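I have placed the structure first, in the form of structure tokens, so that the comments after it can refer back to it.
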Amino acid sequence: MEGCAAARHRLSDSEAAEAPRGSRVPAMDRPGTHWKNSAGFWLLGLCNNFSYVVMLSAAHDILSHQRAPGNQSHVNPEPTPTVHNTSSRFDCNSVSTAAVLLADILPTLLIKLLAPLGLHLLPYSPRVLVSGVSAAGSFLLVAFSQSVALSLCGVVLASVSSGLGEVTFLSLTAFYPRAVISWWSSGTGGAGLLGALSYLGLTQAGLSPQHTLLSMLGIPALLLASYFILLTSPASQDPGGEEEAETAARQPLIDSETPETKPGASSDLSPEEKWVVFKGLLHYIGPLVLVYFAEYFINQGLFELLYFRNTTLSHAQQYRWYQMLYQAGVFASRSSLRCFRIRFTWILALLQCLNLAFLLADVWLSFLPSIYLVFLIILYEGLLGGAAYVNTFHNIALETSHKHLEFAMTAACVSDTLGISLSGLVALPVHNFLCHLS
């Protein structure tokens, strides 16, 4: 198996001596390798999902803000609504926040659908660079945009960054011990919590949405540093065991002139083999699609409509708190794999659908007396979603042969995105229907 640096740069033996410190020494020979890789994958998960989460947290502001004429560089900390449906009890934006969700997820869906067809065979380094640059571009474009349409273009860049990064880094876990899946999942949960909390905290403190987004430009740089500097070579690390790892560690690096392929065997799988592997994943993909459909229908279809007037929080502040509490639940459960594991993930799908039905009934009938009850339900919703994600990929890693694992991870990561995309498509007409209720 090739080293991580070889997979990224394809150094020849003569070039190896000039490689950056730590990139060429076999991982098993360096102290602290386990923790470097664990921290590396945690940070990659954090940075990869950060821009995606921030765009969803800012969705209400993106759709409701307007710039004052002659003051294009300033965005009010509490944006002024452009067009609200004043005839509705929900205080709706004229466009559902599901529009931001679709801009934030459809490019990711396209990337993940293409990945098993050949995108996963492209070199790692260019994909990581595109992911980092796209994340930085999303913050800049949304921060300086003068219209909702341009802001949505920035959201699309965040989606490209997140989708390409997830396909890349989940594939990379196939060449490290299985424990890194837990660290990656925890990092993605941390992105949700830190992204939502930082956006909420900075805007609550009085910073404008524009300056809040600009303050987050260090995250894409951290992603690149984590990949190119922190991760060690996987050459001596085989998910199957230490004996094979020692053999792999002694294999020579291929020459830099060799056509670049990924370090695994995915490129050698026939279409028939890939289809067989994919069919074997369906009992995991199906429940995860359903979990994410239900939770993102809640998040982007119902959050804006779960509006309480008997509280000191403004409508925008309520939306930000919903996002933050949801992400707190996701972070806790995505970090829970070492504590407990769930094999039958369809149970989580059933519970999440019950959540959706309950909150949809409350939007229709308004029977919940306090926003704090909604806070608890949303925290629980996040716990279910995070548990479904981490346990799905952990179970796939346990049950898939090493030869098929890289492709299986690439193929399975489409499931959450497919569920989110379907939820956005359904949430838009539901939002419009409910907002026209008197």
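Glycine is no exception: its Cβ is also placed from the backbone N, Cα and C atoms.
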Stretch carrying transmembrane segment according to TrEMBL (options 161-180, 181-200): 181-200
Contact check, the transmembrane segment (281-298) vs the transmembrane segment (212-230), 3+ Cβ pairs under 8 Å, seq sep 6+: no
The transmembrane segment (181-200) versus listed stretches 212-230, 344-365, 371-393: most Cβ pairs under 8 Å: 371-393
Cβ-Cβ under 8 Å with the transmembrane segment (128-145): same-chain residues at least 6 beyond its ends: 47-48, 50-51, 54-55, 58, 62, 73, 151, 153-158, 160-162, 164-165, 168, 209-211, 213-214, 216-217, 219-221, 223-224, 227-228
